[in-house]
């Protein structure tokens with residue numbers, strides 16, 4: 001059975017899953033569009049798959065899971081023998097990848113997602129963003145990025161010398177922060193963070209995802 005991903009490419013969380021599939025060289029999957037504009041993600045049939053009414057959702061045979069990071073981990077494990085080894089090659093590698101995935105979800109993403117919501121997604125839905133929130137979150141992000149800069153001054157990637165799921169997980173929201181919200185100064189002003197971002201955002205997997213975004217697939 002072909003893996004099904006319910007979501008839309010411009011969704012940052014859906015993009016995380018699509019990028020993972022690309023890195024693992026998985027081509028046999030179906031992207032099932034969910035029309036957010038009519039609230040399809042809040043309909044009873046969708047809520048049977050995702051009771052919180054959020055995208056994306058992954059179906060693989062008798063498995064249905066949600067939460068994009070869990071989905072990315074599943075894909076990385078299932079297709080371990082092909083594509084990019086997103087967990088590295090050793091138990092130590094995997095521990096460090098999982099550590100930085102937690103850093104991304106608990107420290108980095110809350111700041112960046114809030115900024116992107118206020119400056120990109122709220123206006124898309126006819127609401128005015130809150131500049132006070134943006135200012136507060138940018139201040140928090142600066143402190144987080146100081147830690148990243150120190151770490152990346154000694155490591156090419158977050159988990160060491162290899163590109164991993166931890167790096168990949170940062171790409172979608174950072175892409176929106178830099179290119180849509182136009183608040184990438186914290187990234188570009190730090191030598192090692194900037195080099196890291198240029199590296200990971202230039203990968204073929206991400207170019208595949210942005211092509212889908214542009215095509216509104």
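Note that the numbers count up from 1, one per residue, in the order the chain is shown.
Each residue, glycine too, has its Cβ placed from N, Cα and C.
Not measured: the values here are computed from a predicted model.
Here's what TrEMBL has on this protein:
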- 1-83: domain 'GST N-terminal' (DOMAIN)
- 90-217: domain 'GST C-terminal' (DOMAIN)
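Counted with DSSP, the domain 'GST C-terminal' (90-217) comes out as 97 helix, 2 strand, 29 coil. Here the domain 'GST N-terminal' (1-83) has, by DSSP, the following mix of helix, strand and coil residues: 33 helix, 16 strand, 34 coil.
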